[in-house]
Amino acid sequence: MVTDKYVKTRLYVLAALILIYIALPLPFINTPYVVFILAQMTFFTIFAYSFNFLFGFTRQLFLSIGAFAGIGAYVTGILLRDGIAGPIEAVALSTVVVAIVGWAVSILSVRRKLVAIFTGIFTLAITLVFSNLVTGLVDLTGGETGFRIRGVSLLFLDNLPYYMRYYYIALTTLLIVTVIAFYLIYYTGTGYAYRCIIDDELSAELVGINVQRIKTLTSLLASALLGFSGALYSLFSQLISPSYYAFGSIDLPVQIIVILGGRASLLGPYIGSAIIAVVNESLRFLGPLTQLLYGLILMLLLAFFRNGIVDFVKRRVAPWFY
Amino acid sequence: MDASIILYLLDGIVFGLVLSLIAAGLTLIYGLAGVLNLAHGELLVVTTVTAAVLSGSLGLPLPLALIAGIAATLAVAVVLDRVVLSPIYKLEGEERVLLGLYITLAFSIFLHGGIITTFPLAYLTLNMPTPNIELLGLSFRTAQVVAGVSSAVILLGIYLFLKKTWTGRAIRSLTQNETGALLVGISVKKYRLLVFMVGAVLVGMAGIVRSLIATVAPESGLEFTILGLLVTVVGGIRSVSGTMAAGLVIGVVYTFLVVVVGTYLAYVALLILIMVLLLTRPYGILGERW
């Protein structure tokens, strides 16, 4: 167990986070658009969580977050569209498929000792293979325009308004993942292993941490999460098309969320995605110019604010209170 | 059938030479500055868009517009090296490579956003005065021959520049051993800027050559970056001659794959080939360490 002066604060923050996120959509019950934005934000927090575990904690630069979520989405979508399986089986299968893909990529890159940047190029190639395959195999995937799936029942959640169902199902996933991660990192040896790997992989290996096993297991779990959330995201958006899972639509926001919030932090993705959701909505009037602004913001962040908000608070704000 | 194979081969070689031009700059910049420049394809678009806008709506003569395009690309490259990338040169090792990757990605998104919104219709196509020449009973497109010859000449030029001139040797020595080069009095800062400018000229020329054989759209920057990146990786990320060879191989293989299986699946097959190469020969096809 990690015992430092922040133990209590951490638990309070976690409890406050859970309460705030459960209560968040209630004031907006009559404005579905806000709930839609909140649900989307939660999905992106999950994606960012996966990326954070892959890159933040174990230094595996996976530039295929969108492709992995997309594989989950297409597997679920095709199974449901053709009536091969029910929603639960379809989502479960997506989770398994993406977990295996992510695990295989991790095994290959660890075995071949690819440095982060090579893993990045390798996974970027996976992203391109995915987008070209789903655009090219028109008969199976509907090509550029994709296809629709509608009216999937979410059991007892069906009583809620449409977007709220998906908000709560995404939130449940996210909170379970957060609590498990919280426990692993602060109350078991895994947290120490992660911190060693972040600081110096070679030294971690030398003190007897099985870096290879930690990396491959982390990517197995993170990819499973991506497959699961990608499948849910497809049910949420009802339309499955290549552009929804393109590099620019998922990977890019996820990178910004993780950098802005803070790498290798459990709270970071929450803060990052909340800020991005607000900024995104308030800049909507700019239209296509948003991309230019995104680039500019990302450049400035990388140049002057590389360690993210969580790190900034820990370094600059926390000392006032302790 | 034989005749068309020769034509496809020529097609592939010309495409490969264009890729080599893009990738040579990427390799030089990575070798000397330790930055994998993800904004490289956008630099190409800067050249073509500037040339298209100046020659189209402002009515400048074409050669002048092309020179202005290259000049604009040079200016952007100088800004990239001196302003945008300045925070990363303080870092070392993997941190630097990663941050370089991210900052150039951000810069390319920035450029892309700016170009797409300001000049969405700035397509560049250069037409040759005589469309076809007959040789040995085959009809070759003049544009293709001109494009192939001019990119081969540029590549030969850059090869001789690196091998024979004092500046070229300085660049190679910095790539091989930075500390050693510093000890004999070679300024990293000066040559880094030079390499960025050489890369910008090369990629600008690639844009011009490409517009001889096809239309270069303002949104195609990312595509060129990725193709250049793949060529660079296959060729061995520090070896300029490996890059040139890899460009030719990829260009020819890709062209034939397109003929056989169609555009999308050809790209997929090419990517899978590259992924296999990345895993089996991480030092590039000519086997130089990086």
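Glycine too: its Cβ is placed from the backbone N, Cα and C atoms.
Keep in mind that what you see is a predicted model, and the values were worked out from it rather than measured.
The transmembrane segment feature in TrEMBL is assigned to A:12-29 (among others). Long-range contacts of the transmembrane segment (A:12-29) within its own chain (CB-CB distance under 8 A, at least 6 residues past either end) are made by residues 35, 38, 42, 161, 164, 167, 171, 174-175, 178-179, 182, 267, 270.
Here TrEMBL flags A:35-54 (among others) as transmembrane segment.
Under the heading transmembrane segment, TrEMBL lists A:61-80 (among others). When Cβ-Cβ distances below 8 Å are used as the criterion, the transmembrane segment (A:61-80) is approached by residues 47, 50-51, 54-55, 87, 89-91, 93-95, 97-98, 101-102, 105, 116-117, 119-120, 123-124, 126-127, 129-131, 134, 140-141, 147, 149, 152, 219, 223, 226-231, 233-235, 240, 242, 244-247, 249-251, 254 of the same chain, each at least six residues removed from its ends.
Look at TrEMBL and you will find A:86-108 (among others) tagged as transmembrane segment.
The transmembrane segment annotation in TrEMBL covers A:115-138 (among others).
The annotation transmembrane segment is assigned in TrEMBL to A:166-186 (among others).
The transmembrane segment annotation in TrEMBL covers A:217-236 (among others).
Note on the transmembrane segment (A:256-279): residues 13, 17, 37-38, 40-42, 44-45, 48-49, 51-52, 55-57, 178, 181-182, 185, 194, 198, 294, 297-298, 301-302, 305-312 of its chain, located 6 or more positions outside it, place their CB under 8 angstroms from a CB of the stretch. Residues or ranges marked as transmembrane segment by TrEMBL: A:256-279 (among others).
What TrEMBL lists as transmembrane segment is A:291-309 (among others).
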Message = Let me spell it out: take the transmembrane segment (A:86-108), skip the flanking residues so only those 6+ beyond its ends count, and list any with a Cβ under 8 Å from a Cβ in it.
response = 60, 62, 64, 68-69, 71-73, 75-76, 79-80, 114, 119, 122-123, 126, 152-154, 215-216, 218-224, 226-228, 230-232, 235
Message = If we skip the immediate neighbours and take only residues 6+ beyond the ends of the transmembrane segment (A:217-236), which ones have a Cβ under 8 Å from one of its Cβ atoms?
response = 39-40, 43, 46-47, 49-51, 53-54, 57-58, 60, 62, 65, 68-77, 87, 90-91, 94-99, 101-103, 105-106, 149, 152, 154, 163, 166, 169-170, 173, 177, 244-245
